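Structure record follows, encoded as structure tokens.
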Amino acid sequence: MSTLTSVSGFPRIGQNRELKKIIEGYWKGANDLAAVKATAAELRAKHWRLQQAAGIDLIASNDFSYYDQMLDTAILLNVIPQRYQRLAFDDQEDTLFAMARGYQGDKGDVTALPMKKWFTTNYHYLVPEVEPSAEIKLNSTKPFDEFNEAKSLGVETKPVFIGPYTFLKLARTPEAAELEIDKGLVNAVAAVYAEVLARFNDLGAAWVQLDEPYLVLDKEPGDVELFKALYTKILPAKGNVKVLLNTYFGHIADVYETVNLFGFDGIGLDLNEGREENLEAVAKYGVAAGTTIFAGVINGRNIWRNNYATSLGLVDALKQVTADVAVSTASSLLHVPFSTEGETGIPAEDLKHFAFAVQKLGELKEIAALTDATEDEKKSSAALAANQALFDGTRVAADPAVAERIGKLSDADYVRQPAREERQSLQREALGLPLLPTTTIGSFPQTKEIRAERAKLRKGEVTKEAYDEFIASQIDAVIRKQEEIGLDVLVHGEFERNDMVEYFGQNLNGFLFTKNAWVQSYGTRCVKPPIVWGDVSRANPITVEWSAYAQSKTDHVMKGMLTGPVTILNWSWPREDITHEEQTKQLALAIRDEVLDLEAAGIKIIQIDEAALREKLPLRKSDWHAKYLDWAIPAFRLVHSAVKPTTQIHTHMCYSEFNDIIRDIDAMDADVISFEASRGDLVVLDAIHDARFETEAGPGVYDIHSPRIPSEKEIEDRIYEILDKIDVKKVWINPDCGLKTRGNDETWPSLEHLVAAAKAVRARLDK
């Protein structure tokens, strides 16, 4: 029997971001919901047929979503808070969008659900909110409709779901006690999943995949019991359906024995990010009779070609224990671009080293064929020989100057003088800012006009001089507007930047860039990460010209805006031939040069965004420092350690949970940190208070990822919440992220309310 191939999930936005465009058109009133549904159906059909044509045996369905799979699961379970139900939309899709984005209109005014990073990826999920009054029941036919839709096209699929354990661990539940065994919530959720399996049994599904990535995290007391309680109630309902328990982003060595003996028909193991531990667990505990191990050998989170020899070795190690091995993607392919087809800007000799989602289907099929081949067939395999050739030679020459510079670093290069308390006093005197200074995070709306002008430059339809004049006019206008509404510290708007990572990559040695390699970040928001191809260094100043120009146009303090080394790496496709630590150190030196040039140009506040610092923190706490923080935090200090005491260093962090690493963040030795907090209900404030956080802080006072405009009173209330926990002298007032993706009609009223709220609070404090 041939080795089975399985894909955990496929990108849903479309090869040319068709889903993004049609949904955003719907939000703007340019097309109706029927057009959205039609485009979605076309994309699903295309993606299923692609996988079928590639020879994939177990093709995913229900991996499609208009916004987010966790949100879909909440709706499936009827976990819809009353505030959204009261909007009384006719279409469930509109309820979904209100939960994701908030809503402000004739039907009411509600904020969006909280949004967090999906484990260690740059994908964001909506956090389900289970109210005490929630009536858990099967509330959607989406999974069954899409299964039948595929079947009508002649494609047999494997429905995919977020598993109940992961859902409950990530959701906001009424109280921790609700997760005790035999409580109503656990039983109700299990009953819905049991009903889902029973329905798929009636529909004739061969396999159903339940994703339980939360199993790769450290276990808290009661976690294993919760898992057992759920699946004890769910699995008896499966009938003839085979259930694949799929895990990814790490290992499940600490629960493998339990999972193995539980009666699952398949267990999916990540052999990229949990390789050694997962293999050791299988070797130690074996594989239960009737259980197939799905070997996750295809990396679903990077774009480099798979090393077939390595993958075959992993499969062979499993086959020493069991003959029942399938080959699979290590995670959903949601996290990689669609296809390398059309990437003509990258030389063919370089492009051959990359595999996007479509190419990974081919890799999966070739690995399966090689798994079944005899040793003689492997020796004569053209596919194996061509693959091995990619790894035999030197892909790119090392830069000796970069290595030499790193070799000369000393401990002193990672320490800024004098101590922060002394710097704060000097900076307050030098900057002369009021109490509760107001600012923004950096970017302002990138209008159609701005994007069109950039496209013209790219196509050669305007000269660089004309483009620069246009950018200067945009900067002039945004400075005037910031001055008019009364912001204290200004920014130049970043109109010259297409993306906070790609822009820097384009001005550094060692990067490659794609034309269409988009991946979903959240909802319709897509990003196009650059590729770290070789050693990194700065060729020329990157931001100095525009920052200096902006400062020359105002008497206010102008922030210089940079992206930090950890974030550049985490939001790029990193190399796999050298460590992340080494790549980050190279980036840190390049950005350090930029910091010093900005300071020399008269920029008094320099913001070094580390939006993605928390994102790649290992999922198990025992790995946090040795495998990440011990080099990530020093890399940030290396960037700014040489500036003058009076130069104020800011940083910014995005959707992350900071509470557990708050002391490490303080150790970055920035002078000010702003961070997204509005969707997290400012829970980080307690951690800041308890840790006696020394860095000045700007917790975001409103959510920029929602189109709704916060009232002045709403922001005032937020400020008072902040002042309950943080010394007023250390508080900054700002939105929770950059404003690039918002419209001007939302941005300026929101900022006017922000400034008015800050002034009102100041006035009360002065009395």
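Along the chain as shown, the residues are counted starting at 1.
Glycine residues also receive a Cβ, built from the backbone N, Cα and C atoms like all the rest.
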Identity of the Zn(2+)-site residue among Glu676, Glu716, Glu721, Glu752 (reference: His652, Cys654, Cys737, source: Swiss-Prot): Glu676
Of Glu156, Glu483, Glu484, Glu615, residue recorded by Swiss-Prot at the 5-methyltetrahydropteroyltri-L-glutamate site of Arg17, Glu18, Leu19, Lys20, Lys117, Arg525, Cys526, Trp571: Glu615
Residue in Glu494, Glu496, Glu502, Glu545 which Swiss-Prot records at the L-methionine site where Ile441, Gly442, Ser443, Asp609 also bind: Glu494
Cβ packing number for Cys737 (Zn(2+) binding site), 10 Å threshold: 26
Residue, out of the recorded positions Arg17, Lys117, Asp609, Glu615, His705, whose Cβ gathers the largest set of other Cβ atoms within 10 Å: Asp609
Cβ within 8 Å of the mean position of the Cβ atoms of Ile441, Gly442, Ser443, Glu494, Asp609: remaining residues of the chain near L-homocysteine: Thr440, Val491, Met500, Met561, Gln607, His652, Gly738, Leu739, Lys740
Length of the line joining the Cα atoms of Glu676 (Zn(2+) binding site) and Ile441 (L-homocysteine binding site), in Å: 10
Distance check against His705 (active site, proton donor) for the binding-site residues Gly442, Glu615, Cys737, keeping those with Cα within 10 Å: Cys737
For Asp609 (L-homocysteine binding site): DSSP state (helix, strand, coil): strand
Whole-number Å value for how far Glu615 (5-methyltetrahydropteroyltri-L-glutamate binding site) lies from Cys737 (Zn(2+) binding site) (Cα to Cα): 16
Integer Å distance between the CA atoms belonging to Cys654 (Zn(2+) binding site) and Cys526 (5-methyltetrahydropteroyltri-L-glutamate binding site): 16
Cα distance (Å, whole number) from His652 (Zn(2+) binding site) to Ile441 (L-homocysteine binding site): 7
